[in-house]
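Reading through the structure tokens given below for one structure.
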Amino acid sequence: MAVTLEEAPRLGWILVKALLRFTFMVANNLVAIPSYICYLILLQPLRVLDSKRFWCIEGIMYKWLLGMVASWGWHAGYTVVEWGEDVKSISKDEAVMLVNHQSTGDVCTLMMCLQDKGLVVAQMMWLMDHIFKYTNFGIVSLIHGDFFIRQGKSHRDQQLVLLKKHLENNYRSRDRKWIVLFPEGGFLRKRRETSQAFAKKNNLPFLTHVTLPRVGATQIILSALVARQENGSPAGGDAKELESKSKGLQWIIDTTIAYPKGELLDIQTWILGYRKPTVTHVHYRIFPIKDVPLETDDLTNWLYQRFIEKEDLLAHFYETGAFPPPKGHKEAVSREMTLSNAWIFFIQSFAFLSGYMWYSIIQYFYHCLF
């Protein structure tokens with residue numbers, strides 16, 4: 001479509017702004033990620049002497065890195081409104097987030113909306129597609145202890161074994177609290193047709209806004225992390241008892257991400273900021289682990305039910321622009337999530353100053369040696 005003279009200045013400014021944002025993002029990565037690595041190399045003696053303190057410091061720096069990614073969207077006007085239960089109240093407990101997956105922007109959205117939930121981001125473990133291992137952020141995720149999972153039937157059994165070992169070796173030893181999991185196993189647009197065919201074959205509901213989840217990774221996580229009582233039943237808390245002292249995984253957070261009019265945000269938009277400001281909506285429901293069945297068939301049915309309910313939530317959202325109210329309430333209450341500009345300025349400044357410091361140190365030793 002031809003560009004008119006009236007539109008040319010606006011499109012030109014969008015292009016210039018996108019190039020400036022991309023340049024800043026590259027510079028941000030070039031200083032922040034190497035600085036993160038250098039600090040952790042310097043702190044290796046602490047890892048030997050006091051592992052818990054080491055991973056605490058690493059988690060804080062990890063949160064700052066994710067905060068930088070969140071700030072790119074925040075400054076472009078891509079904000080988040082939250083609905084449903086307040087997950088901040090369980091931020092100190094162990095929990096699994098089950099999230100619907102529509103685009104690469106889902107990860108950025110979670111990076112943003114979880115920034116104000118205490119140390120959740122610092123103590124979080126992500127389960128993500130193995131392709132992310134080869135991105136600029138892959139080295140950070142590897143150090144932090146995130147798990148990269150390969151999709152496909154040929155890899156499925158092996159990946160579940162590797163996930164179990166990964167949780168045993170990295171979850172509690174690094175003081176992790178939350179796990180982010182996308183049970184659908186891929187983007188909606190890629191899996192919808194296959195999921196609908198499976199649903200038709202097995203007399204399951206026909207879903208359009210989500211796909212039927214896969215149970216394997218969820219079952220491995222629950223079997224590895226849920227503390228058992230003497231009678232074998234899961235030890236979990238009650239949603240009203242926020243000071244729960246039970247150990248192990250205590251909550252399942254059913255998380256639903258919705259984009260207005262179904263217009264998805266992707267990582268390219270998040271970085272370049274060429275779309276108009278938009279609000280992404282995130283809905284939470286909290287389930288005590290004691291209410292979640294652990295046997296394969298029962299857990300599968302439980303997960304299916306959650307995603308069938310997600311379908312209804314999203315259908316209502318796309319029709320009305322809001323999520324439905326919880327039972328017993330006349331209307332749903334939303335909360336705007338905000339980032340502190342002063343805090344963003346601090347972590348960006350720290351990253352660039354650290355980058356300059358480490359560059360000077362490396363340059364000094366290089367000249368001394370050569």
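Just so you know, glycine gets a Cβ as well, placed from its N, Cα and C.
Note that the structure is predicted; figures quoted are calculated from it, not measured.
Quick look at what TrEMBL lists:
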- 95-219: domain 'Phospholipid/glycerol acyltransferase' (DOMAIN)
- 20-42: transmembrane segment (TRANSMEM)
- 54-74: transmembrane segment (TRANSMEM)
- 131-149: transmembrane segment (TRANSMEM)
- 343-366: transmembrane segment (TRANSMEM)
Non-local residues, at least 6 beyond the ends, that sit with Cβ under 8 Å of the transmembrane segment (54-74): 21, 25, 28, 32-33, 36, 39-40, 43, 46-47, 108-109, 111-112, 115, 119, 121-123, 137, 140, 143-144, 173-175, 265, 270-271, 273, 339, 343-344, 347-348, 350-351
Tally of residues which DSSP labels helix, strand or coil - the domain 'Phospholipid/glycerol acyltransferase' (95-219): 57 helix, 18 strand, 50 coil
Overall pLDDT of the domain 'Phospholipid/glycerol acyltransferase' (95-219), taken as the mean: 90
